[in-house]
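J.: What follows is a single structure, and I will ask about it in a moment.
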Amino acid sequence: MVEGSGDRHEARRWDFFVSYVAQDRGWAEWIAWYLEESGYRVTLRAWDLPPGSNRQRYLFDALHDAERLIAVVSRAYLASSTRLQELLTATAADPGGRGRRVVPIRIDDADVPDLVGTLEDIELHGLSESDALGRLLRRIDAAVAGRVKPAAPPAFPGPDRRVLARQSLAMPGGRSPAAAADADAVPVAPNATDDPSPGRETPDPATPGPARGPGAAPGADGSSRTRRRRRAEPPLAVVAHAGPLRRASRLFWIGALAFTGDAALLVTGADDGRTRLWDVRNPTAPRRVAGFHDHTDWVRAIAVDAHRGLVASAGTDGTIVVRSARHPTAAAPLASFPAGTDRAWATAFTPDGARLAVGGIEGHLRVWDLDDLSAPRPIVDLPGHRGSVGAVVFPSRRVLVSAGQDATVLMWRLDRDGALPEPVRLAGQDGDVWALAFASAGRLLAAGSDEASISLWRLEASDHPPVQVARIDAHQGRIRAVSFSPDGTLLASGSDDNAVRVWDVRRPDLPNPAAVLSPAGGRVTSLAFSPRGDVLAAGSSDGCLRLYHVAGITGGTPVDA
């Protein structure tokens, strides 16, 4: 962890503090619920001020420990001196409005005073629930990002616009997902590996530390060099996870996916509580094999054990379900057991499939013994995180890496007898982490953060601590997914900026951009390379799964941009 970053993240425990009056509690809870479902950290009195709490202390902490205040503005709100004082306190911290510390949300036609009237607001008054939710999430994302430039280029407004054909499959029920798909992917050809300068930042030799890039690409004479692009291939296929099902105006998010060890099946999980198995032997025509409603809430993580043919899903219903990839149509799971936490966010098998790690809310991290699936046995609880554990990965049977909402990446060396190990903090991380990936070839660990960056560490085979080799300023939004190709030469990352980026990491200290894809009309929430490395799967918040030919992403003849 970067020195000093813990203080910064302790000081900002929440993304939003919702300020409201009692009459508008329904609105406040509705807003907070869907913001938390979208991944934001939210506090409000109705949920976080139980009996016996100190009201003044809570309000003080909420005003100082939240990035932004959401004011649920109504006639009743404007008549409350207490709520207006909260508004004044937040406004005083950002008098010019440049930090967008106050976000007014109007729920009726009250006359707004100058204090609020000069701020850009979100007006939900008079909208249906579906329209209100769509506007809320779009505008809140814009408030956080500070800009609303689309990830894909806008359509040409002239009369003779060229339409690019894309290959897609019909949704279950006969509907086409074409309306949910954005522009085709636009890869960027990788630079030659023997040229260390294009597309990379050269660190100041006087400044120790890992390489940081890619940024501007200076030429040998100091001039800016133009990156070379080639024509993009569209996705091999676009399929809907669950057909035209909607939840309060939006398609279900595909929050997790993984290939089975033989690459014949792809497993997807979404926030409708369902997991689905797809036959992807012909990636241009995926075929749904089976679907199971194993969870009552979001499926947030899927792990696959190639040796035993196991698939484990973790949900925010606090349940772990284990099924057989070798018998995908079997009605009953091999195991279903409580995760030990109210909400499970992450899960991973050891390479031999004998153990399963589960991460959840409030720092929960538990390792399970799955030798006997009829009686899963908890081995050890690892109390090292102060916030939710959002990602876990096993580089080896005895080494576990975990990360989460406290801006730390921890490495644990597990003993055979289940003794509590002391974690090693990986230096160089400066944001909350919800995505981890490990490449056994090269022993590289990647962590994607809320700060839109990816950190790369090399894990030593001995007891020496990991060494950070690079940091990539990768995206323009929270990174929710990272995945290495099986040979460890490519790293894919997905973000809230709706893009998938592919990086050439054959030289991990100098990662190089290989492709930029715009696969969806929503955030990229999950990624996985196939075991053979020939297909990249991407799940997103528009409810669609997209498959890309890896050779099409990274090969071909480059042309000038």
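Note that Cβ sites are derived from N, Cα and C of the backbone, with glycine treated the same way.
In case it helps, TrEMBL gives these features for our protein:
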- 12-144: domain 'TIR' (DOMAIN)
- 170-235: region 'Disordered' (REGION)
- 177-196: compositional bias 'Low complexity' (COMPBIAS)
- 209-223: compositional bias 'Low complexity' (COMPBIAS)
- 254-288: repeat 'WD' (REPEAT)
- 337-371: repeat 'WD' (REPEAT)
- 382-422: repeat 'WD' (REPEAT)
- 426-467: repeat 'WD' (REPEAT)
- 472-506: repeat 'WD' (REPEAT)
- 517-550: repeat 'WD' (REPEAT)
J.: Which residues, given as numbers and ranges, are at least 6 beyond the ends of the repeat 'WD' (426-467) yet have a Cβ under 8 Å from it?
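T.: Counting only partners 6 or more residues beyond its ends, the repeat 'WD' (426-467) has Cβ contacts under 8 Å with 1-2, 5, 9, 39, 209-210, 387, 390-395, 399, 401-411, 413, 473-489, 491, 493, 495, 497, 503, 505, 508, 511.
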J.: Rank 254-288, 337-371, 382-422, 472-506 by Cβ pairs under 8 Å to the repeat 'WD' (517-550) and hand me the top one.
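T.: So the stretch in question is 472-506.
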J.: With DSSP, how much of the repeat 'WD' (254-288) is helix, how much strand and how much coil, in residues?
T.: 0 helix, 19 strand, 16 coil
J.: Within the same chain, where does the repeat 'WD' (337-371) have neighbours whose Cβ lies under 8 angstroms from its own Cβ atoms, ignoring anything closer than 6 residues to its ends? I mean 6 or more beyond.
T.: 297, 300-308, 310, 312-320, 322, 377-394, 396-397, 400, 402, 404, 406, 414
